[in-house]
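Chemist: Dumping what TrEMBL says about this protein:
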- 12-29: transmembrane segment (TRANSMEM)
- 41-62: transmembrane segment (TRANSMEM)
- 74-91: transmembrane segment (TRANSMEM)
- 103-120: transmembrane segment (TRANSMEM)
- 172-196: transmembrane segment (TRANSMEM)
- 202-234: transmembrane segment (TRANSMEM)
- 203-360: domain 'O-antigen ligase-related' (DOMAIN)
- 246-267: transmembrane segment (TRANSMEM)
- 353-372: transmembrane segment (TRANSMEM)
- 384-405: transmembrane segment (TRANSMEM)
- 411-430: transmembrane segment (TRANSMEM)
- 442-461: transmembrane segment (TRANSMEM)
- 503-536: repeat 'TPR' (REPEAT)
- 650-683: repeat 'TPR' (REPEAT)
- 684-717: repeat 'TPR' (REPEAT)
Amino acid sequence: MANNIDKQNISDSVVIFFIILLLLTNFLPHPKSIDLLYPQFLYLSVLNLAIGLYFYFNPNVISIDTFPLLKKSFLLKLYLLFIILCGISVINTKNSTLVLEKITELIIAFCLVINFTVLLKNRLDLSNKIIFIVGITTFLQSCVEIYNLKLLASQGTLSFGLQNMVKTTGNINILASSLTIKIPFLLLGITTFSGYKKLFSYIALLLTITTILLTAARATFISLFLIYIVYIIFYLKNNSINKSSLATCLSFIIPIIIAVFITNLVFEKAQNEDRYISLGNRVEQINLKDESIKTRIAIWGNSIQLAKENPFTGVGLGNYKVESIPYEKTLDNNSSISLHSHNDFLEVAAETGILNALIYLSIFILITFINIKRIFKSAETNQRTIALLTLMMTIVYGVDSAINFPMFRPAMLIFLCLIFVLTIINTPPPASLEFETNKSKLYLILIIVSTITSYFAYLGYKASNLEYLIQKDVESSFATNNLTGDELLKRIPKYKNTLSTAESFYEYVGIYYTNEKRYDEALKYLSKADKINPHFGRIYFYKMVISNAKGNIDSAYIYAKQAFYLRPRNVNFLKMASQFARAKNDTSEIFKEHNLFIKYRNIPEAWGITAEELQKSNYNSTKLLGFIDKGLQYHPADTLLTRQKNNILIQKYTNEGRDLFLKNDLIKSLELYQKALKIDPNNPDTMQNLAFYYYSLGKYQEAKSYFLEALKRREFKSGRTEFFIGNCYLKTNEKDNACKYFSISKAKNFPEAQQALSQNCK
């Protein structure tokens, strides 16, 4: 008997140990990786391997009814079918490496479900310990994020700190969701524990809700509301409605009230006019008129269209971020893309087929149904409590899946695994036991699988490190030189050919070679990149750069147009294409590009770019002014367009004034010069034109005054202005000053200055 008890205690300690290791996923140090998810998946795969080795060498601690339970679990079979269909999507994919990356992550998740089902089978008596441990990690995660917010705010601004609350998850929305999914543990802690544990649960709840609200993630507002409603109803159902139970329910709400007050104070101090105005404002934005929601609905529509076009196997697991780009060219600005559908069910449909999306959705429906049934039908309190906990986690995960992309984020994936595990094991003991004799063989298979996934996860991590170095070079406009074209080419991953942002690694090889002026190599790898992801337009951009450097303007013009029409909301591509159109005297193309751009993105900068290129192409000034006036109708407060209009008017009045002066129409000429000066009283060119006007009339005092005022506002490099100032002084018998300005003019190499010095300044 003593030996059996010792084995059970050891086994329980190991269970707690591995639970802690699982929850430490969010506390990994952030190495030089482009995204925290890559080292996290590597960590989880190694954790699977460690658990597998433990059970391989200690098969006696495995409950004898565990594997029969796994075999009979319809839920687990459904999840396995989902993963298999995800793998089958490779048949129709254009990029199998993306399928391999994501199927590896799903297999890691499946192994976690198996391992933790085995760990927790018949150990739900540890649930209170697990609840408290989750509470501790939730408290610590919130502390880390609050501390990071304070640190970033001290280094920059409070608004900057709020926008970068990503220390433990790498994404602000995932942070909010990963904390929200732990709220059920804290609520259970409040009603389950007493003494210091109960007090700690209250403090952790307050800090966690405050952290969640500071992210201003709207999906979590919905999740919080739903799980609070569910838990309060459950609590009142299981406890008679009296002052004590109502007081307990009120105690759940008090931390929210305090957190709302704190959050609004922080937002007020942040003075951010976008996401962080106030919680009330953020809640009001949950409507179909909000621009971000409109964009998300459009992205969902694109996902549905992708699924319709590939209904059976989809475009391939992980390929959404590449194949969706053409559908988003009229939605996304510049080179930004959505990367995700912001709805896991639609993304699964687009990537792996409509049937598989229905299977994935049915998994959540089944989990919800099973746990609701247990809440109402089970006679055991602990079983009902575990079912409630699982249901609340499912609500949070389901809401997040409908609005964000938790499926491949380890911070959320570990809780999806717990949802599976708790749903599978939260059953009464079987009436009869089916003995298994091949536990070691089964775990040998899991060890082999975990070894393989660890290898591919490690390759993914190495690729993310390479991407990190590329990003550093891009951020510095390639001034840091962490890599060269040759070095990048040598380090391209064997099984992964795209970055997390969907560009091909070969595209960056081409960019590095372009910067190194190795144009032939650059063209070679840009062409290879074009076969992997041709949708960004940047490949055409760099081909344009190369053609322009080689003096092949016709080819450069073609590439510039191809880049723009591929991404018609990219302002840099508009500018580039307009410049080449102007160089080819193709004003109709300039207007064509402009009209297409403002159809999707009517911004002042677009009008300014087009106006500038039209002006440089000597477009009729009256028509150009009409064009700018049209832009000002859309953007009346834009200073750039106003300045462009004023500059054109000044030039127009100046040119007309000069023509009238040459025709000896002095009165009208002066009127036009004065109209130009009225538009911009500090314009040095207008002042100089007036100076020459008065100089030509022999009014040297007036001329000198305007020349000197012009010189105060700009340094003219030719020396011509100083020469005429010298002449004005000479005409007014101020020889010393005349010689002074003749000398300045000579120093600037004005041709006539030396003769003036020789004649007048001996």
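Positions of Cβ are set from backbone N, Cα and C atoms, glycine also.
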Chemist: Should anything in the same chain at least six residues away from the transmembrane segment (384-405) have a Cβ under 8 Å from its Cβ atoms, list it; otherwise answer none.
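Modeler: Contacts of the transmembrane segment (384-405) (Cβ under 8 Å, skipping residues fewer than 6 from its ends): 124, 127, 131, 173-174, 177, 180-181, 183-185, 187-188, 218-220, 222-223, 226-227, 230-231, 234, 238, 296, 340-345, 347, 364, 367-368, 370-372, 374-375, 378, 412, 415-416, 418-419, 422-423, 426.
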Chemist: Okay, the transmembrane segment (411-430) and the transmembrane segment (12-29): do they have at least three CB pairs under 8 Å, pairs separated by 6 or more?
Modeler: yes
Chemist: How about the transmembrane segment (103-120) and the transmembrane segment (74-91): do they have 3 or more C-beta pairs under 8 A, pairs 6 or more apart in sequence?
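Modeler: Checked: the transmembrane segment (103-120) vs the transmembrane segment (74-91), in contact.
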Chemist: Given a Cβ distance threshold of under 8 angstroms, which distant residues of the chain, six or more beyond its ends, lie next to the transmembrane segment (41-62)?
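Modeler: Tertiary neighbours of the transmembrane segment (41-62) are 7, 10-11, 14, 18, 21-22, 25, 28, 104-105, 108, 111-112, 115, 118-119, 121, 410, 413-414, 439-440, 443-444, 446-447, 450-451, 453-454, 457-458, 460-461.
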Chemist: For the repeat 'TPR' (503-536), DSSP counts of helix, strand and coil?
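Modeler: DSSP classes over the repeat 'TPR' (503-536) add up to 25 helix, 1 strand, 8 coil.
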Chemist: If we skip the immediate neighbours and take only residues 6+ beyond the ends of the repeat 'TPR' (503-536), which ones have a Cβ under 8 Å from one of its Cβ atoms?
Modeler: 95, 322, 325-326, 329, 335, 337, 466, 470, 478, 483-485, 488-489, 492-493, 496-497, 542-543, 545-546, 549-550, 566-567
Chemist: Can you work out which residues elsewhere in the same chain, 6+ from the ends of the repeat 'TPR' (684-717), have a Cβ less than 8 Å from its Cβ atoms?
Modeler: 650, 654, 657-658, 661, 666, 669-670, 673-674, 676-677, 724-725, 727-729, 731-732, 748
Chemist: As a test of reading the model: what is the averaged pLDDT for the domain 'O-antigen ligase-related' (203-360)?
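Modeler: Averaging the confidence scores along the domain 'O-antigen ligase-related' (203-360) gives 91.
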